[in-house]
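First comes the structure, then the notes that go with it.
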Amino acid sequence: MTVPPTATHQPWPGVIAAYRDRLPVGDDWTPVTLLEGGTPLIAATNLSKQTGCTIHLKVEGLNPTGSFKDRGMTMAVTDALAHGQRAVLCASTGNTSASAAAYAARAGITCAVLIPQGKIAMGKLAQAVMHGAKIIQIDGNFDDCLELARKMAADFPTISLVNSVNPVRIEGQKTAAFEIVDVLGTAPDVHALPVGNAGNITAYWKGYTEYHQLGLIDKLPRMLGTQAAGAAPLVLGEPVSHPETIATAIRIGSPASWTSAVEAQQQSKGRFLAASDEEILAAYHLVARVEGVFVEPASAASIAGLLKAIDDGWVARGSTVVCTVTGNGLKDPDTALKDMPSVSPVPVDPVAVVEKLGLA
């Protein structure tokens, strides 16, 4: 007896296989993949009711290493392997190192990570350690680490720099815009996302414009990039020497993709704005409690920025908005645990438990 299937399952092939004809990949290249991409676009029904907009969340924390970085890393490591390079190198506050280490392990090559002094989310660093990365802490901030990494890659051609200054990273990350259009059938009115090193806003804009040039969409979104107030060089129009924010993934004072990010903002008639740590944390708790989506603090910057832009009228009620939430909340559990309530035991008694829950 043959049992009919209860669901149709179409295995996702990874971003290179899914969009190979739109990516700079050689015919004889073998993708280094963990089946990244294909992440859900979730209708944020409660946020939509609260704001009067139609909001969708692009949940990039469901990529293999828990962040959007995997889209670009499959391209970067595939490219490095195809060109015979023996190691990949990155400067990282966490997510890039986790992704680079995983894909390097998959490819069988060395991964080296330069991390700054100061706050690093341990959940992210643990991933890089588990994948066998060689980690070196630098006496400086992220921007110092990236400058050093650039010099090393320039001086040693067997090493590939896989930060978002590597253009093939942007190529991989643009596929998220393709996926959004493929699901919605059009571009959103506004696309909101966090901005740190600014590669992602660059990549999304590239993806949307390529689909527009191909005639697959007839409009382009306005790009809304939110930075943490303590690390907001694009908002201020000048580098920040000592960036500081609870959102460690966007604690960057001089974005590597500054020029292309400004182009994306200007060409889309978009906007950069700053959200305080308090506003970011409020959005972090809000999206977890009303939508069931647990994100790391930096991811919540996109929602914090959107709420501010709705309040000041820049985003009109009734607009269709996509918010990219870039990383999983398990990347930075310490932030969530700061609000852990004190726990006191109750008797082994159902009535006592129901009363404790306030359900009596």
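Residue positions begin at 1 at the first shown residue.
Every residue gets a Cβ built from N, Cα and C, even glycine.
These figures come from a predicted structure and were not determined experimentally.
Noted from Swiss-Prot: of Lys69, Lys331, the annotation N6-(pyridoxal phosphate)lysine belongs to Lys69. Swiss-Prot lists Gly196, Asn197, Ala198, Gly199, Asn200, Thr326 as binding pyridoxal 5'-phosphate, and of Asn46, Asn95 the one it places in that same site is Asn95. Same-chain neighbours of the pyridoxal 5'-phosphate site beyond Asn95, Gly196, Asn197, Ala198, Gly199, Asn200, Thr326, judged by a C-beta within 8 angstroms of the site's C-beta center, are, in sequence order, Phe68, Ser164, Pro194, Val195, Ile201, Ala249, Ile250. Looking only at the binding-site residues Asn95, Asn197, Ala198, Asn200, the densest Cβ neighbourhood within 10 Å occurs at Asn95. If you measure from the Cα atom of Gly196 (pyridoxal 5'-phosphate binding site) to that of Lys69 (N6-(pyridoxal phosphate)lysine), you get 13 Å.
Listed in sequence order, Glu60, Gly61, Ser67, Phe68, Asn95, Leu193, Pro194, Asn200, Ala249, Val295, Glu296, Ala298, Ser299, Ser302 are the same-chain residues six or more apart from Thr326 (pyridoxal 5'-phosphate binding site) with CB atoms under 8 A from its CB. On its own chain, Gly199 (pyridoxal 5'-phosphate binding site) has Gly72, Asn163, Ser164, Val165, Arg169, Ile170, Gln173, Ala256, Ser257 as residues at least 6 apart in sequence with a Cβ closer than 8 Å to its own Cβ.
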